[in-house]
Amino acid sequence: MGASDGRRGHLFRLDCRIARNATRAALAGRRDRLNAGFMLVVVLAALHAWFAGRSWQIGAWAALGGGACAGVAAGRLIAARLHFHGTDGLLAALALRPSTGRHYRLAAHGIGVAILATITLIARPSLLIVSLPAYLAGAAVAHLTAMLAPSGAVFAKVRLGWTIRIWLHRPGAGMTAAAAVLLSLVVTGTLSSNARIAIVGIEAVIATLALTSVDHPTVRFMTVAGQGSWRIVAHHGRSMLPFVLLAVPITWLILGPLAAGIVAAACGAMLLLMTMRILAYRLHGRRFADLLVSVFAGMLILTAYMLPPALPVAALAILWHLHRRAAAKTWLLG
Amino acid sequence: MTAALRLSGVTVERGGQPVVEALDLSVPQGSWFGVIGANGSGKTSLLRALAGRLPFAGGSCRIEDQELAADRAARAARFGFAPPGDTLPDALRVRDVLECVGGTMEEVRARTGSVYAALGLGALLDCWIGDCSAGMRQRVAIAAAFAGGHRLVILDEPFNWLDPVAVFDLRRALRQQVEDGLTLITALHDLGTLAAACDTGLMLAGGKIAMTLSHDMLRAAGADPHAFEQRMIEILRS
């Protein structure tokens, strides 16, 4: 029994309606809409300016990476949403039909492709031949990995995820990450200095991203249990201290101050991002908080790009603004 | 009496571990079947698997004489099922949720019958789900199970979070629907409701049947609920 065309589209239309209503609620005030519109224009203008100042090859690499990441992220989001519809959703019977799943994926990726195409056209139209195939390849990879994952392993994977997340916040995780950086510096000893700096920079970003992961329910629980903002930040950032204390001096000794500066900058940026997320999670639901942090991160990136000396002031102003509001939330339910 | 549902040797797994094992049961058509058990005994997993929200890892599941153990979508289509209230979308109004499941509000009203009034849905229709309390969300979730017009409905602990008046009215409305031909399967913690309203049932312990509750046993329980409660508590404690 196949779902009729109208019924197949029902699931996707439901999510469109939810997304529309959520966006309306998030941008309810005139000032919110103006701010969001302004930010969008500024981000697109900065993107256009960045791509215009680079050679086609560099732009193509960036479009390839960005497109593939967007495809994987969209594919994973769509798979997670379909899984939710099939287990806890209102239209589970519809969501469990393969034809509805195919229709939902096509429609959702259609929106993803349209957004990416618009951004690419604004940034640099000639990169469309790179960004769109990269998106589709990323989406295909996400779809294949979701199909290959055994369905019964979902809960085991979730439990493994919890275990890893808890471990990542222990000091041992920071020491392990620093040891990995040291090991890679030893292993890549024959490469050029520039290549080693690039490798250590990428490693530092990946390691600090993992070490500063933030769990929304944990932040909400700690807030309701009466923990202040900085205590929650300290709880989430425990593993960063040993990483900074070991990785920065090691990199300095082996590769010099430039590489150490890159590692320190990665640590600082990720700690800032983590702190903003924690403060925002104390104030808002996860989706809106993530949107808010993305806007603030975009503002900081623009400041760093256009007026670097103002970056610390802008970062402190954002932290102070969030902290002032978040402080009032301690002990409060909802 | 014809069986609406017959399970034989079914197993449900979560994270590779069996949470319901080799379970047999039969639910007569037009009856209220109650499932009780301690926390973690497998009630919710069993009901979710019946409603297609989880796969069966083994065994046979015949719904109205059709073998559907391997077909989650078909099971989900056969049963009306109340999703957990906290998973209802915040950015929809109550009216939108019910129309999404059951078509127009006129159709929803007709299908939910006496349950519509018992849940006091008329006053909630224009509320945003995000503004609803846990009890209000529970009302909407229960209504969603009936909005599709199914004759087989599964409710997992439907009386949680409801105020005493709503519990009383809903229990009466559900009983009325069962008298009119509905087959209802509920997980319960309230032994009083089990004794007073259910026709048959079972007690789960560690994913297995600890006790089958026959029609005669539950009628006797209805006559002496205190003795029934004491006996059940002793079994649950052991």
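Note: Cβ is positioned from N, Cα and C throughout, glycine not excepted.
All annotation found in TrEMBL is predicted automatically rather than curated by experts.
If you look up TrEMBL, you'll see A:34-52 (among others) marked as transmembrane segment. Residues 27, 59, 62, 119, 122-124, 127, 295, 298-299, 301-302, 305 of the same chain, all 6+ positions outside the transmembrane segment (A:34-52), place their C-beta atoms under 8 angstroms from a C-beta of that stretch.
Under the heading transmembrane segment, TrEMBL lists A:58-79 (among others). Outside the transmembrane segment (A:58-79) by six or more residues, the chain places 51, 104-105, 108-109, 112, 116, 120, 123-124, 127, 130-143, 146 with a CB less than 8 A from a CB of the stretch.
As annotated by TrEMBL, transmembrane segment applies to A:106-123 (among others). Remote same-chain partners of the transmembrane segment (A:106-123), defined as residues 6 or more beyond its termini with a Cβ less than 8 Å from a stretch Cβ, comprise 9, 12, 15, 44, 47-48, 50-51, 63, 67, 70-71, 74-75, 78, 81, 131-132, 135-136, 139.
Here TrEMBL flags A:135-160 (among others) as transmembrane segment.
Through the fold, the transmembrane segment (A:172-191) approaches residues 199-200, 203-204, 207, 210-211, 238-244, 246-247, 250-251, 254-255, 263 of its own chain, all at least 6 residues removed from its boundaries and within a Cβ separation under 8 Å. Annotation source TrEMBL lists transmembrane segment at A:172-191 (among others).
Look at TrEMBL and you will find A:261-279 (among others) tagged as transmembrane segment.
The transmembrane segment annotation in TrEMBL covers A:291-322 (among others).
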